[in-house]
Amino acid sequence: MREIVHLQAGQCGNQIGAKFWEVISDEHGIDPTGTYHGDSDLQLDRINVYYNEASGGKYVPRAVLVDLEPGTMDSVRSGAFGQVFRPDNFVFGQSGAGNNWAKGHYTEGAELVDSVLDVVRKEAESCDCLQGFQLTHSLGGGTGSGMGTLLISKIREEYPDRIMNTFSVVPSPKVSDTVVEPYNATLSVHQLVENTDETYCIDNEALYDICFRTLKLTTPSYGDLNHLVSATMSGVTTCLRFPGQLNADLRKLAVNMVPFPRLHFFMPGFAPLTSRGSQQYRSLTVPELTQQMFDGKNMMAACDPRHGRYLTVAAIFRGRMSMKEVDEQMLNVQNKNSSYFVEWIPNNVKTAVCDIPPRGLKMAATFIGNSTAIQELFKRISEQFTAMFRRKAFLHWYTGEGMDEMEFTEAESNMNDLVSEYQQYQDATAEEEGEFEEEGEEELA
């Protein structure tokens, strides 16, 4: 089977990673001891992708848990599914990264990285045919962003032909822990552009807005935000975990979704949006699901898709529904909104259907969009970065760990280049290339 090795780094990465394992263990009928209690062969059909079958028929997540301080790991270990993980796969330091990217990437993190790679190697060796890696982390802190990107580049060195996929939580002033988040995020994006194949941008700004506006939670907690993240992660990995044809592995997903290597930052979406612990009383129809998942308010990145154009889209419907109706609705969306899809990639919307819905819902839909509107997110970070960097505010924390100002300048311009590239393809039309030839032909006539 085609296995995926999961890594989670830093406080945020470990918290959303732990939620992810709770949700998918539940979907696959695996209890906190790793024992299967399911009721459908579909649950076990591709269980090997994320789980290793250990002695005694126990299923153990192919997960490596990393942090530079022991706190979060302890709470994962004592949490609901803490005992399902392999004890040797917890790798942690004591010093912490203090929300400093340089500590995670160059000093503290660099000291721990080899012991993490040993565990990664061991996990990779127990795979039949490893398809790739996925990392959950945030870009605003020190460990997830600094050490997370260090791990990515080290793994890339050792496994250059495997797919590298990240779930990256993008910082926002609305849900802020630290004033230096724009620095950490920009330095991280600088790495992600070069070293990952697919990055799901999970934007705290959007999560907060969804909780506040749609779910009417006046003071959203991290638990509320993480509920949305785990629903999204469960949705986008559905095709990898259950039998099906479309985007059934990370590479096929990348081939469908990434038209240019640097433009691999996806905007995830989910429908229906429900708050934690609530059940859905009315089952949604396929047209409602389709309409909701293309709605900007359902996007997990705070970008308005109507401000850009889709290069590519993948949609995953879950639950018992008519394939014919799904296809009709998806075509309907494209025909009505054709100006929001680039015309120079025909058939750029792909749809998959999985019979098993998420817990508590009869039907759900997950959206993965590669939209040029994602530039809004990078612009937002870039503006905050520039405001501080212009005055060299807080820089001494980074240069003190041996970093050079030059690296900041490079990261800044790499991110600005990324924004321009998205803009360039947003403005591109199918005709542009042909204009010159036509002129030549006219003269001949």
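Glycine is treated like the rest: Cβ placed from N, Cα and C.
Remember, it's a predicted structure, so these values are computed and weren't measured experimentally.
Checking the ranges 1-4, 17-20, 225-228 against Swiss-Prot, the motif 'MREI motif' annotation falls on 1-4.
Among the candidates Asn48, Asn165, Asn204, Asn247, the residue that Swiss-Prot names alongside Gln11, Glu69, Ser138, Gly142, Thr143, Gly144, Asn226 for the GTP site is Asn204.
Of the listed segments 26-46, 278-298, 425-445, Swiss-Prot assigns region 'Disordered' to 425-445. Neighbour count (other Cβ atoms within 10 Å of the Cβ, all protein chains): 21 for Asn226 (GTP binding site). According to DSSP, Glu69 (GTP binding site) sits in a coil region rather than a helix or strand. Remark: Thr143 (GTP binding site) has Ala9, Gly10, Gln11, Gly13, Val66, Asp67, Leu68, Glu69, Gly96, Ala97, Gly104, Gly109, His137 as non-local neighbours, by Cβ distance under 8 Å and separation of at least 6 in sequence. Site extent for GTP: the farthest pair of Cα atoms among Gln11, Glu69, Ser138, Gly142, Thr143, Gly144, Asn204, Asn226 sits 23 Å apart.
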